[in-house]
Amino acid sequence: ETSNTYTKFTGKDIYQEEFDPWGYLDTYYNLKSGVLVTDGFLDFALRKLHETFTVHGVKGETLIDIGHGPTIYQDLSACESFKEIIGADYADRSREYFEKTVRNEPGIFDWTTVIQAVCDLEGKGTTVEEKREKLKKTVKKSIKCDVTKSNPVAPLVLPKVDCVMSLGCLECASKDLDSYRNVLKNISPLLKVGGYLIISEILNCTSYLSGGKRFSCLSLNEEFMRSAITDTGFAIIDLEVIPRKYDKEQYNICNHDSSLFVLARKLRDI
C-alpha cells in the first residue's frame, strides 16, 4: 500500500482500540531508525521547546500536555518552568504508558539519550536522574481528554491554566480543516487570557503507519496554521518550519514533507 492512498478518518475509538504505544515509539522514536529521529523532527522539537521555556520565558503554575501519547520528551523542558504538568489523552493505553514512563518503570521505552540531550541544551549540569525526578514531581497525572468536545476534559472542569501544549496530536484528531479550527476553539477555554499555546505538527501528511496499522492524518500547511491560530484569538510569537530530511523508504511509513512549531499567546476569549 502506498502512502498517498486515501486513508479513511481514524477517529478516537480506533485509537482507543487499536493504537499500540510500543509499536508507535519503535517506529517513530527508535534512536537508530525512528522516522521522527532521522527526519530531524525530534532535535527540532527539543530545541524549540528549550527556546520556548528559556528565551521566550514561558512559565507558570500549570501546563496541560494534550495528546501526549506514549512520549515524554515534550515535558522535559517544561517541567523546569511549571509547578505542575497535567497529561491529557483520549487513549487509555497511551495514558497508562505515559504514566509508567514518567515513573521510569522497567521494560518501557528508553528515553535516556533524549533526557541527556535536554540536560545538555539547558547547560546546568543536571543529570539524567535529576531530570527524571523533576519530571516525576511535576507531571501529576494524565486525564481523559477528547478535543472534539467543547470541554475536552469533561466531566472535569479545570481551573484555567497558563499553558496548553499539543505536539503531533490535533492533526490526527481532526477529520478536515473545519474540524481543526473547532478543536482549537475547544482547547482555547482551558487557557487563561495571556496564557500560552504551543503546537507542533508535521505538514502535508495524509497518513502514517504505526504498529502495522495505517492511521489518517489531516494535511496541514503553514498558511492554514497561521490563520487558524490567529482566528481563534491568539497572537503568534514564534513560528518555525523545517523541511524533512528525505528518506524514500520512510516516506511510505509517514509522508510529511516538513515540521512546524508554533508558540502563541491568547489575546482573548472568542
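Backbone N, Cα and C define each Cβ position, glycine as well.
Copied from TrEMBL, the annotated features are:
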BINDING   TYR24, TYR29, TYR73, ASP89, ASP146, VAL147  S-adenosyl-L-methionine binding site
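Here the binding-site residues are ASP89, ASP146; the one with the fewest Cβ atoms within 10 Å of its Cβ is ASP146. Under a cutoff of 8 A between CB atoms, and with a sequence separation of 6+ in the same chain, the neighbours of TYR24 (S-adenosyl-L-methionine binding site) are GLY69, PRO70, SER210, GLY211.
In this structure the residues listed as binding S-adenosyl-L-methionine are TYR24, TYR29, TYR73, ASP89, ASP146, VAL147; their two most distant Cα atoms lie 25 Å apart. Listed in sequence order, ILE66, GLY67, TYR90, CYS169, LEU170, ALA173, VAL183, ASN186, ILE187 are the same-chain residues six or more apart from VAL147 (S-adenosyl-L-methionine binding site) with CB atoms under 8 A from its CB.
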